[in-house]
Amino acid sequence: MENSPRYREATNLIPSPRCHNSNNSCGMSSSSESNKPPTTPTRHVTTRSESGNPYPTTFVQADTSSFKQVVQMLTGSAERPKHGSSLKPNPTHHQPDPRSTPSSFSIPPIKAVPNKKQSSSSASGFRLYERRNSMKNLKINPLNPVFNPVNSAFSPRKPEILSPSILDFPSLVLSPVTPLIPDPFDRSGSSNQSPNELAAEEKAMKERGFYLHPSPATTPMDPEPRLLPLFPVTSPRVSGSSSASTS
């Protein structure tokens, strides 16, 4: 009876104790597999990583209907929009390895720490801008009580002295009066000319169109400059040969 085919089939259906300890449902898998119809191969993800390559290559098998969803699932960011979170992924798809997806390497946002140097520089720049605008619209009036030396720190002088020098501004200090003296740079000698010479000079200006300034006799005259010949009359070769022949 032990050699009959029915007894052999019954012994094959008895689950093994090893399988019973690991999973209770694996004992009936052999009988259920014979009754299941042939199913289509599920989509799987294979990862091929080379030694020393931090970015492994992922191969995904998908059809045209779910290709877009698989690409978004593998390359999408960790924070998806609200309308994308409501869509549930297809249970037939295998979840990719979280170590191979870039979403696991999310960098935390950097907290903006206020810099003291930047705040101080911006405050100083704002103060400088205000100071420039106030200097553009500045109007100085010595009679104004604002510029009174009692109320201001420009000068500790008496308030009855109303002059531009009370503000201690160099540009407002009055310049000294220059006395009216003969021009030392006037070399025309018009002050030493007689009325006859002035009349002759005016006549020459009307007739000839130039000024008549006679040079004083006391001016030392330089000797006439020596004029060098531009084109020599004799050749140096000829002069050298003639001198050699005479010697």
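Positions of Cβ are set from backbone N, Cα and C atoms, glycine also.
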Per Swiss-Prot record, range annotated motif 'VQ' [choices 67-76, 167-176]: 67-76
Phosphoserine according to Swiss-Prot, picked from SER30, SER77, SER106, SER134: SER106
Stretch-averaged pLDDT - the motif 'VQ' (67-76): 82
Pairwise CA distance, THR234 (phosphothreonine) versus SER194 (phosphoserine), rounded so that it is a whole Å: 55
